[in-house]
């Protein structure tokens, strides 16, 4: 009986130690804010950034202007993403949220990509978008829908997703993300534009392509 009791106590002790680690990926803030600063003088390092002395914080640390302005679209894929995150809105540090504006040319797209640290919720402000995401292996199911002005769609964290302008005029969308710095992995750029390049024979086998086609794609995405 004593051995069983000791065993139960050992298990409970182990749970008590490991449970906080399991739920500690995004703990609640223990202060009102932690405005990011590049200076370590009298600063505290939190979530990859130093915190500014709260007494030195101003309203401008929580402010970003100009997201209503159209952005020129010059990229080969026909879209421009303007991000407002902890790197240009310092007050976002530790708050777990950010926003982007996406401008799409006619036939433009925000190509398949993923955010490793954030769920995304998108609203169409102008135009018509075809959006979608793909579920994980082994199903790889495509969930897709055509969105119009005022429509909202959510992309689960970590899943590959995309948006494409299927209307006859430029389009605009805004998206909120559940991270101060969600990160982005654009699939084609990452696979074919890595530095150094992935061995073409590996990609040829993975994508069932001729190695010459892989090398041509790597040339297009080479930085």
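Yeah, the Cβs are placed from backbone N, Cα and C, and that goes for glycine too.
The signal peptide annotation in TrEMBL covers 1-24.
Other Cβ atoms within 10 Å of the Cβ of residue 34 (disulfide bond), summed over all protein chains shown, number 25. According to TrEMBL, the disulfide bond annotation covers 34-51.
Among the features that TrEMBL reports, domain 'Cupin type-1' is placed at 65-215. The predicted model assigns the domain 'Cupin type-1' (65-215) a mean pLDDT of 97.
Feature annotation from TrEMBL assigns oxalate binding site to 110, 115, 120. Taking the Cβ of residue 115 (oxalate binding site) as reference, residues of its chain lying under 8 Å away and at least six apart in sequence are, in sequence order, 155, 157, 158, 177, 179, 182, 183, 184, 185.
According to TrEMBL, the Mn(2+) binding site annotation covers 113, 115, 120, 161. Remark: residue 120 (oxalate binding site) has 154, 155, 161, 175, 176, 177, 178, 182 as non-local neighbours, by Cβ distance under 8 Å and separation of at least 6 in sequence.
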Among the binding-site residues listed here, 110, 161, whose Cβ has the fewest other Cβ atoms inside 10 Å?
161
Rounding to whole Å, the Cα atoms of residue 113 (Mn(2+) binding site) and residue 34 (disulfide bond) are apart by 30
What is the separation, in Å, between the Cα atoms of residue 34 (disulfide bond) and residue 110 (oxalate binding site)?
32
Rounded to the nearest Å, what's the C-alpha distance separating residue 51 (disulfide bond) and residue 110 (oxalate binding site)? Just drop the number here, would you?
33
Residues within 8 Å of the 110, 115, 120 Cβ centre (excluding the oxalate site residues themselves):
100, 113, 114, 118, 122, 155, 161, 175, 177, 182, 184
Apart from the site residues 113, 115, 120, 161, the 8 Å Cβ neighbourhood of the Mn(2+) centroid comprises 114, 118, 133, 155, 159, 160, 182, 184
